[in-house]
Amino acid sequence: MRTEAAHSYPPLRQRSGVLLLRRSGYSLLYIALIAVAVIQVLPLVWLFIFSLKNNQEVFNMAPFAIPAHPHWSNYENVWSNGNIGQYFINSVWITAVSLALTVMLASFVTFAVTRMRWKSSSLVLGLFMVGLMIPVHSTLIPLFSMFNKLHLTDNPVSIILSYVAFNLPTTIMILLGFYYSLPKEVEEAAIIDGCSVNTMFFRIVLPMTSSVLATTAIINMIYNWNEFIFVNTFISSDHFKTLTVGVQNFIGQYTTDWGAIGATLMISILPILLVFLIMSERIVEGIAAGSVKG
Amino acid sequence: MEKVMSNKLVIALYVLPSLLLIMGIIYIPIVLTGYYGLNQWDGISKMVFIGLDNYKELVQDSAFWHSALHSLLLALFSGVSLIGYLGIAMVLSGKIKGANLLRKIYLVPMLLSSVAIAQLWLKIYHPTNGVLNSLLVSLGVDNPPSWLAEPSIVLIALFIPIIWQYAGFYILIYYAALKNIPESLMEAARIDGASPWQIATRIKLPLISEVIKVTVVLSVVGSLKYFDLIYVMTDGGPNGASEVMASYMYHKAFRSFDFGYGSAIGFFLLLICLVATFLIRKATASKETIQYS
């Protein structure tokens, strides 16, 4: 509700001038906002269009013209010719396992730090929070040599351990606020009823946090699905590569076939775009929560 | 109650696995990076302790300082673009129809992998068949530049997709912060005759200053350690013109197999990120916190 009407206004004629100015300013701003939105999606629209063309059409038609007979076969070809299917499956299970582990471990830590009583809880929390500031690259060389010694290079375990460790701080940070706000009475009642800590955590607290768990899971999913440097460094065989690194290598072999490249890229980004279409509200919330609270 | 909630065994069970994990994957490697930096090591043969020689070499390595300069330029460019994001978020958080949809559209590039973004922009910048130069030719430009092959423009050509990638992220953060300001404050200001500009600069900006600080840290530190897109798009080329600190480290370690020198760069990168965080926090530390609840 606007309250402007309730207050004193300048004379009528002057007011309509201001209104006109305000309205045209408003339209200009609106056009600018829409222009930014167009810039954000236009490259993707172009990607989709050239994924349906053959090279001749890419080079001779107008960039945004859709061919009369779209080459959906580009998608079939890249899916059946390369290892895209394998990469896709790897991405799915590595992403899923890492995010399940991260969310579970982060819940444990956050519960212990916020709800239980022990001396060094703030020190331990501090250790996790400092982790937010550490650049991945500064750990890369020792991690590589450590995993090498343990025979974990070219093994998905190295990737999963790295994902979980580097995602724990952000995940704990998102969970913290929620755990602090849980009412104390819940625990008191549970203990009076004779619950053990474990029962309380698994049966009462964890279900209560399900909405924020979904948020953290999505943030983890986006990060894991798109991660590049760990897989690129630790994994060498095609059998264990994920979609991001696989796509990079695949495109390296097909530098000249634009349709194939477009189709490959579309396959790699579609799952995330679909999840975004379905759960955009939660993703938007999670990204905002995950970054501001620090 | 006290006894149940301070059960040492349960606490250990809940905290230790994660603690061991971040120790093993984050903290021990950081210490090792510092140690490897004091050695000559190719990753395979025996390490030779050489003290601070790698760091002395680093100080005199002009290729490294060029990469550091590029990282710094990116940080500066990202920092300045925050002003634009803030402006967009201000407009968006006003009474705009479809604001919710717009901020979601802005966010789309942020969801994609750097590899996909890099490959897409490689095609956009393609000298002959890319959409950018096709457009320039149709507008009558005879010899459009080959964006990623010219040392003088390659950096700016790389910064644009990075801006494109993160725009929605920062707009979203600012938008969320602005939406958190109680409407009653703005109403009160309007009643007192404040203009929209005054409301934006005197009320909204001070109230979201904490969030602005966080985004400055995020964008500067993020820029200093930036890697993925540049690695895929130009690999630091042509001739080092787009090398940044993280890519230089990667090349030294995993291409030239100079793990000791790479570690020295990695450790330096860590120090720079920590110092940058500290300095920004210090410089922007407010004497009083503003409360509105």
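Just so it is clear, glycine is given a Cβ too, placed from its N, Cα and C backbone atoms.
Outside the transmembrane segment (B:12-38), and at least 6 residues removed from its termini, the chain residues within Cβ reach (under 8 Å) are 47, 49-52, 54-55, 259-261, 263-264, 266-267, 270. According to TrEMBL, the transmembrane segment annotation covers B:12-38 (among others).
Residues or ranges marked as domain 'ABC transmembrane type-1' in TrEMBL: B:69-280.
Outside the transmembrane segment (B:72-93), and at least 6 residues removed from its termini, the chain residues within Cβ reach (under 8 Å) are 99, 102-103, 106, 155, 159, 162-163, 166-167, 170-171, 174-175, 178-179, 200, 204, 212, 215-216, 219-220, 222-224, 226, 244, 276. Taken from TrEMBL, the feature transmembrane segment covers B:72-93 (among others).
If one looks beyond the transmembrane segment (B:105-122) by at least 6 residues along the same chain, the residues whose Cβ comes under 8 Å of a Cβ in the stretch are 88, 148, 161, 164-169, 171-172, 228-229, 232-233. Among the features that TrEMBL reports, transmembrane segment is placed at B:105-122 (among others).
Under the heading transmembrane segment, TrEMBL lists B:153-177 (among others).
The annotation transmembrane segment is assigned in TrEMBL to B:259-280 (among others).
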